Amino acid sequence: MRELLFRNLHKQRASTEREIDAHAYFHININTSMATKLLALACIGSESHGNLSPRPHYPSMPKYPKGVSVQESNLELGSEAKAVFSVMGMTCSACAGSVEKAIKRLPGIREAVIDVLNNKAQVLFYPTFVNAETIRETIEDVGFEAKLIEDEIYDRSTQVCRIRINGMTCTSCTSTIESALQAIRGVQMVQVALATEEAEIHYDPKIVSYNQLVKTIEDTGYEAMLISSGEDISKIDLKIDGVRTDHSMRAIKESLQALPGVQDVNMSLKHNKISVSYKPEMTGPRTFINEIESTGSRSFKASIYPKVGGRETHRKEEIKQYYRSFLWSLVFTVPIFLTSMVFLYIPGIKHAFDTEIVNMMSVGMLLRWVLSTPVQFIIGRRFYSGSYKALGHGSANMDVLIALGTNGAYFYSVYSVLRAATSKDFKGTDFFETSAMLISFILLGKYLEVLAKGKTSEAIAKLMDLAPGTATLLTLDDEGNVMSEEEIDSQLIQKNDVIKVIPGAKVASDGFVIWGQSHVNESMITGEARPLAKAPVQKFADRISKYFVPLVIIFSFSTWLAWFLAGKFHWYPDSWIPFSMDDFELALQFGISVMVIACPCALGLATPTAVMVGTGVGATQGVLIKGGQALESAHKVNCIVFDKTGTLTVGKPVVIDKRLLTSIAVQDFNELIAATEVNSEHPLAKAIVEHAKKFREDGENLAWPEAQDFISITGHGVKAIVRNKEIIIGNKSLMLDHNIAIPLDAEDILAEAEGKAQTGILVSIDREVAGVLAISDPLKPGAKEAISVLGTMKIRSIMVTGDNFRTANSIANEVGIKTVVAEAKPEQKAEKVKDLQASGYTVAMVGDGVNDSPALVAADVGMAIGAGTDIAIEAADIVLMKSNLEDVITAIDLSRRTFFHIRLNYFWALGYNVIGIPIAAGILFPSTRFRLPPWIAGAAMAASSVSVVCCSLLLKYYRRPKKLDKLEMHGIKIE
């Protein structure tokens, strides 16, 4: 079950990786609905057999007693606990990252959230495996002072729901939603991501329902749609082909309703679609498809209904809505502008509009009132709705400022018109053009902003659809023996299915291990992987946005009051007051200008838009960057640790020499080593298998003898029993660990191979060294040049490899790396990374294999070669899809360029408010008589958000460093 798998994952993530038996593959008993698609699951171990065998070839499967279900082997985690720690000494996001990684490496950790600004750490964990004191000690081991300030154990009934949210424009929106949700009793943790427009909420279903969560989001002024509730009810849409009548559709519906576990069936003949709600522990989509296709004359075909619409459809609709609103506002605003700003200077027309209707109320006043009212209350109703809901939850957003500013101008104008209509000597001025033009310019700004933001996320989807498309389904008999296997669409996996997972490949769904042993990366099973654009630097803007709007309201009121009192007490000459205004109206204009010019959205958009564009541009360049944390850390990198095989070298090693030291026949030797190594994913293992295939007499029959008790000794080699012989294949230390004597001839052969930058592999048969293999892996084109360019960027390069020192040193000299760590186990690679971090370096690790995954996790930035194993790719923060070392340079340079734009955005957003607000308040008016009318202030406010987004969009024109164009580097194609 999920809990057992999570438990295994956390142990794998420990700082010192355990050595465990790694069979050729393992099986997972699915107990989770496919309604939640796990994107980033992968198991560490061995590669698929590929096409080496024409039929399934299994080691012996375990036999389960009859009547004992797999579910009975599930381990219950019991209660769940939450602990909040005060963590002193954190100064930046790197500190927070190191604390978070340390905590998550402990067994039994469900989630850890670090707040560097408030010096707190909140941890969800299972007391069965870890306690609060252990977590506290772990934090202190990282180098920070930790104190437990809250400890709460609650029921294991916690569920996690995901909700899509439409209408968010900046991080002040996400903060508003998070605050509203966190205020609900029963909600334990909330994370809202602006880039993906989703909220992930941990809640207790016995206290609060997911419908309440959705309603709360809607009450804050945003559209909300449930993606998954966390409850054990799933829904799937099926497409039915061959149905031509209502009778046929009803027959299918009735047959589905008769199935155990089916809760509800809805059908649409028009779209040939059937929606089924069901309990996943009892049935699933594959059962539905089989039932449909067996109904009637078996002429129906069923499949998963293709998904349409989604986030992009909503984005386009949002753009259309703002565009339509802006056009309608222009219909009313343009005449208002003409009557108040233009026609006043045309004598004949001016006289017509100045004609008094009732007392002092003129035609122009009445016309502007009539035209501005629809703009204020119909077109601008979104601002009323948003501000009302925000204030109802104790927060204030941009809508509040807009509503206050436009209402001030509109209702004062109404007062002026009514006063003029009831008085024969009142000469007031209306500001209807202020409220109408203000709303029009804001709508224009919103339209341009949404349009630009849509462009920032064009390539984000490339990071979000990496799930495997298929899975291998096993059918077992009552005793647990494999009867058959079938490749199915991963969306058709059902609860209690048994899935074969080849080590080194992705796991198609959540589940628990029922047979086999291997390693699985915990970070890939905590839910569907979604890039959060929320970089640590974003917390700066979040903190400002929290207090920004209330402070602006206070300052706006203070501005009005100061100018009003100054006018009443004649603290400035009457000549300062513009024609057709009095001191109250002048003060009101200053106050409104301050309120509408202030813009928290520009601050909130500074980071996420740049991160979205940066990750998107990276994807088009073949560099997949998994969110803001990776992007922020990468720009600080000053030391890179490289693996050797598959990273600095091509990763396509070949056996170039084979020496036998006993009288064993060559063909028998090849059979034994191939049968053992075929279960491993390591590039050297593949080379050995390919070498053995060349000597097969029966070229078509590629089935190797069965290997029993296969074990992968990470960083050393493999061993197994083949044809009742103990086969051990690996390096020198592996032989010594098993007390196997190494002959002098073997020592000489090893030394000769290593002197040629080749890797020497020893083969032991029944505890006697029977042969030595020399394997060569050529250097990647451009590796030397890439290391040289990194040196010019003031980045130190180090090589850490599991290979022997002589081979490693030879390769290092060839590429120009001065520091080499050889014969390193996976945990030793991670320790080297930590040592460098302790020395003050910001470290990136570049690797491609299973052995590199602990170091990839430990590094500040993990970079995986795209041609490497799935687990290395999933463990990394950045994936180099083209497998070029030049992309390491591109990734770091892009990160630096992105953060230049983020700083530029903050400089503009802060500078705009710091300069704009005092000008709007009238600081220049006494000396220059210059003031900002409210409608111009509103236009400036709208322009500020657009300018920040446009500044981020400039990243779309990013080009890799010119020095790379001079290098003769090309993508490495792995056959």
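Every residue number used here counts from 1 along the chain in the order it is shown.
Every residue gets a Cβ built from N, Cα and C, even glycine.
Heads up, TrEMBL stuff is auto-annotated, nobody curated it.
Per TrEMBL, domain 'HMA' is recorded for 81-147, 159-225, 234-300. Taken from TrEMBL, the feature transmembrane segment applies to 325-346, 366-384, 396-415, 435-452, 547-566, 586-606, 906-926, 932-955.
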**Request:** Using a Cβ-Cβ cut-off of under 8 Å, list the residues of the same chain that are 6+ residues beyond the ends of the transmembrane segment (932-955) and lie near it.
**Result:** 169-170, 405, 409, 431, 433-434, 437-439, 441-442, 444-446, 448-449, 452-453, 455-456, 589, 592-594, 596-599, 601-602, 605-606, 609-610, 612-614, 617, 897-898, 901, 904-905, 908-909, 912, 916, 919-920
**Asked** Is it true that the transmembrane segment (325-346) and the transmembrane segment (435-452) have 3 or more Cβ pairs under 8 Å, skipping pairs fewer than 6 apart in sequence?
**Response** yes
**Asked** Any contact between the transmembrane segment (547-566) and the transmembrane segment (366-384), i.e. 3 or more CB pairs below 8 Å with pairs at least 6 residues apart?
**Response** no
**Request:** Give residue numbers and ranges for long-range contacts of the transmembrane segment (906-926): same chain, 6 or more residues beyond its ends, CB-CB under 8 A.
**Result:** 540-541, 552, 555, 559, 563, 572, 576, 590, 593-594, 597-599, 602-603, 605-606, 932, 937, 940, 944, 947-948, 951
**Request:** Can you check how the pLDDT averages out over the domain 'HMA' (159-225)?
**Result:** 84
**Request:** Provide the three-state DSSP residue tally for the domain 'HMA' (81-147): helix first, then strand, then coil.
**Result:** 23 helix, 24 strand, 20 coil
